[in-house]
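Chemist: Here you go, one structure.
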Amino acid sequence: MSEGTLYDKVWDRHRVTTLPTGQDQLFVGLHLVHEVTSPQAFGMLQERDLEVAFPERTHATVDHIVPTGNRDRPYADDAAEQMMAELEENVRAAGIEFSHPDTGDQGIVHVIGPEQGLTQPGMTIVCGDSHTSTHGAFGALAFGIGTSQIRDVLATGCVAMEKQKVRKVEVTGELGPAVTAKDVILTIIRELGTDGGVGYVYEYAGDAIESLGMEGRMSICNMSIEGGARAGYVNPDETTYEWLRETDAFADDPDAFEELKPYWESVRSDEDAEYDDVVTIDGSAIEPMVTWGTTPGQGIGISEPIPEPSSLPEDKQDTARRAQEHMGVEPGETMEGYPIDVAFLGSCTNARLKDLREAAEIIEGRSVAEGVRAMVVPGSQRVQRAAEAEGLDEVFEAAGFDWREPGCSMCLGMNDDQLVGDEASASSSNRNFVGRQGSKDGRTVLMSPIMVAAAAVTGEVTDVRKLTEVSAA
Amino acid sequence: MSVDHEEFADGEAPAEKVTDVSGTGVPVRGNDIDTDQIIPARFMKVVTFDGLGQFSFFDQRFDDEDNEKDHPFNDDRYRDANVLVVNANFGCGSSREHAPQALMRWGIDAVVGESFAEIFAGNCLALGIPTVTASAEEIGRLQSHVEEHPDAEIEIDVENEEIRYADRVVDADVNEAQRKALVEGVWDTTALMAANREAVEEVARSLPYVPDEHVPGERGSGDDAGDEA
C-alpha cells in the first residue's frame with residue numbers, strides 16, 4: 001500500500017470512520033452541483049425528509065443543458081427549462097450558492113471551481129460528473145460520483161469510498177514545440193489503457209508535468225477518468241499558489257492565503273513516499289496526438305500509422321475493428337488529411353483562457369476552411385469576458401468561427417450543439433465515444449486546441465507544426 | 001431469490017439483503033461499452049429516473065427511422081432476462097447513474113462481466129445491483145451458453161462468489177465492500193453515514209479550510225457562529 005503520498009494524507013485528514021462495509025466515510029470539503037445529475041438526488045432527500053447538511057460547502061452552476069446561443073428565459077427547449085428551473089428551486093431552498101448566468105460567474109463546473117478559488121489543495125471535492133478529476137490539478141482529491149452518492153453528500157456531507165492504490169505517472173523531459181498537456185494525457189491513456197487506472201489514483205509528476213501551468217495540469221487531471229482512474233492529482237507547488245493568490249478566495253484576503261499555505265504544503269507527497277506502482281513516460285518523445293477510434297485510448301502521434309487491429313493485444317482487437325469501421329479509417333495510414341466537418345473548441349478539458357489564446361494564435365490571419373462549421377465555446381462567463389477583453393472573439397469571428405456562450409455544448413450534445421448524421425469533428429473535448437457529440441453516426445477526433453485550430457483552417461486533420469512556429473506547452 | 005427493485009425507485013430506503021440473484025441471462029458482447037451507449041445523453045434531460053428503462057442501449061437498438069436493429073435487448077428470447085452478461089471495462093465514461101437506473105428499470109437485477117468501470121459499479125451498488133466479475137474465458141462461455149439456451153437458469157451467488165448454471169460452478173469475484181454491503185443489507189450509505197453526524201462535524205472542524213460557521217453544530221452555539229450561516 002502507498003504511504004506518505006498526498007492521497008494518503010488527504011484521505012486520513014478527511015476520514016470520519018470505517019463503515020460496516022469496510023468502506024471509509026470521507027468528509028467532503030467541496031460539493032459541486034449541476035443541473036443534470038442532481039435533481040433526482042434532491043428529490044430523494046425530500047422523500048426522506050432530510051436537509052442539506054453543509055450548504056456552505058456546496059456550490060452550483062448550470063452547464064450541461066444550458067443553451068450556448070439564445071439564453072432568454074424560458075429556454076426554447078422545454079426540458080432544458082425544466083431542469084434549470086428545478087436547479088434554481090433546489091439551491092434556493094437549500095441556501096446553496098449558485099453561479100447562475102445572471103451573476104456573470106456561470107460556466108462549466110470544472111472551470112468555475114478553479115477560477116473562483118473554490119478548488120484548493122488538500123480538499124476532498126466531489127461532483128456528479130466524472131471529470132471532477134480536473135480539480136486534482138490543485139492537489140485536491142477530486143472524484144466523480146453518481147446521483148445516489150450526491151444524495152449521500154447532500155444529506156451527510158460525506159461519501160462512502162474504498163481506499164485505492166496510488167500510481168505515480170512520471171512524465172520526464174521537455175515537451176516539444178506544439179506539444180501540449182492534451183497530447184501528454186492522450187499518450188498516458190494510450191500507454192496505460194482506458195481501464196489501466198481502475199483501482200488507482202494517478203499522481204502526475206516529473207519535469208514535463210511540473211513545468212506546465214495550471215491550465216495544462218487541469219487538462220491532464222481532467223482526463224484521468226478516460227484512463228479508468230477516478231482521480232488524478234499534481235502536488236501543489238508555487239505554480240499552484242500563484243494561481244490561487246489571484247482567485248476570489250484570496251485576492252482580497254492575503255492573510256487567509258498565508259494561514260492555509262502550511263496545510264497545503266503539509267499534504268504534498270513526501271520525498272520518500274511509497275507508491276503501489278510507478279510508470280515513467282518520456283515527455284520529449286511525445287508529438288501532437290489525435291485519436292483514430294472511438295475510445296480516448298485509441299490515439300496516435302500525428303505522424304504515426306493507424307494500427308492494424310491484429311497487431312494489438314487480443315482484448316483490444318474487436319473494439320479496434322469496430323472503431324475503424326465507424327471512423328472510416330484504414331490501418332497503415334496516418335490521420336493527417338482526415339476531412340472534418342466541424343471544429344469544436346470547448347469543454348472542461350480545454351476551454352480556458354490559455355487554450356483560447358493559443359488557438360487564436362494559429363487562427364489569426366487565416367480563415368475557417370470552406371464547408372467547416374467552427375465554434376468556440378468558452379468554459380465560463382469569466383473566460384468569455386477575459387477573452388473578449390483581449391479581442392480573441394474578434395480573431396475567431398474574423399476567421400469564421402462562431403463565438404458562443406459558455407457551457408458543455410458539443411462535448412456531449414445535451415443542448416442544440418450537436419453533430420448531424422456522420423459529420424466528423426475535430427474536438428478539444430475528452431470523449432470520442434460513438435454518439436457522444438449528439439449524433440449516433442457522428443465521428444469525433446480528439447486533439448489539442450491548437451490542433452483543432454489547425455484542422456479548422458485546413459478542413460482536415462493537420463499537423464499544427466506545419467502551419468506555424470508555435471511555442472505552446 | 002429473484003430481486004424486486006421496484007420498491008427502491010427514487011429514494012426509497014433500501015436495506016434489503018441481496019445474497020443471490022437468479023434468473024435468465026442476456027449477453028451484450030464487446031469491450032469498453034461506455035455509459036453514453038448504455039443511455040445516450042439526450043435521454044438525460046429529465047428530473048426523475050422514471051421511464052428510463054425503455055432507453056437502454058437506445059442507439060444500438062434503433063436506426064434513424066426507429067426500426068429495430070439487431071441487439072440482444074430487442075431479441076424476444078431475452079425479453080424477461082434479468083442477468084446482464086458483458087465483457088471488459090463495461091460502464092466506462094460518464095458518471096451518469098442514469099445508466100444503471102435505465103438497466104434496472106429495464107429489468108436487470110445483476111451484471112456479470114470481465115471488469116467494470118468504478119463509478120458504474122458504485123452506482124450499481126447504490127441500487128442494490130451486484131456487479132460480479134469472472135475470467136474472460138468464463139464470461140465468453142457463459143455468453144455462448146445464454147445464446148444457446150436463453151431460458152437456462154443462472155444463479156449469481158453474491159455471498160459465496162459463484163456463478164452457477166447448467167452443471168457448472170464458476171469462481172467469481174465480488175468486490176469485498178460490495179459483497180458485505182449487499183449480503184448484510186447495509187448498502188444504504190445515506191442512513192449509515194447520517195448516524196455518524198458528530199464525528200463528521202469533528203472532522204469538518206479539524207480542517208483548516210472549513211470555517212467554523214460552515215459546521216452545522218457550530219451554528220448559533222458559539223460566540224461568533226451563526227451570523228453568516
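From the backbone N, Cα and C atoms, a Cβ is placed for every residue, glycine too.
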Chemist: If you look at how TrEMBL annotates this chain, which of A:4-23, A:304-323 comes out as region 'Disordered'?
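Modeler: Based on what TrEMBL states, region 'Disordered' spans A:304-323.
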Chemist: Using Cβ atoms and a strict cutoff of less than 8 Å, what residues sit near the region 'Disordered' (A:304-323) while being 6 or more residues removed from its termini?
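Modeler: Apart from its flanks, the region 'Disordered' (A:304-323) reaches 287, 292-295, 298, 329-335.
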Chemist: Around the C-beta of A:Cys348 ([4Fe-4S] cluster binding site), how many further C-beta atoms are within 10 angstroms, looking at every protein chain?
Modeler: 26
Chemist: Does DSSP give A:Cys408 ([4Fe-4S] cluster binding site) helix, strand or coil?
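Modeler: For A:Cys408 ([4Fe-4S] cluster binding site) - judged by DSSP and reduced to three states - the answer is coil.
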Chemist: If the [4Fe-4S] cluster site is taken as the center of the Cβ atoms of A:Cys348, A:Cys408, A:Cys411, which further residues of that chain fall within 8 Å of it by their Cβ?
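Modeler: Those within range, site residues removed, are A:Asp63, A:His64, A:Ile108, A:His131, A:Gly346, A:Ser347, A:Thr349, A:Ala351, A:Gly407, A:Ser409, A:Leu412, A:Ser429, A:Asn430.
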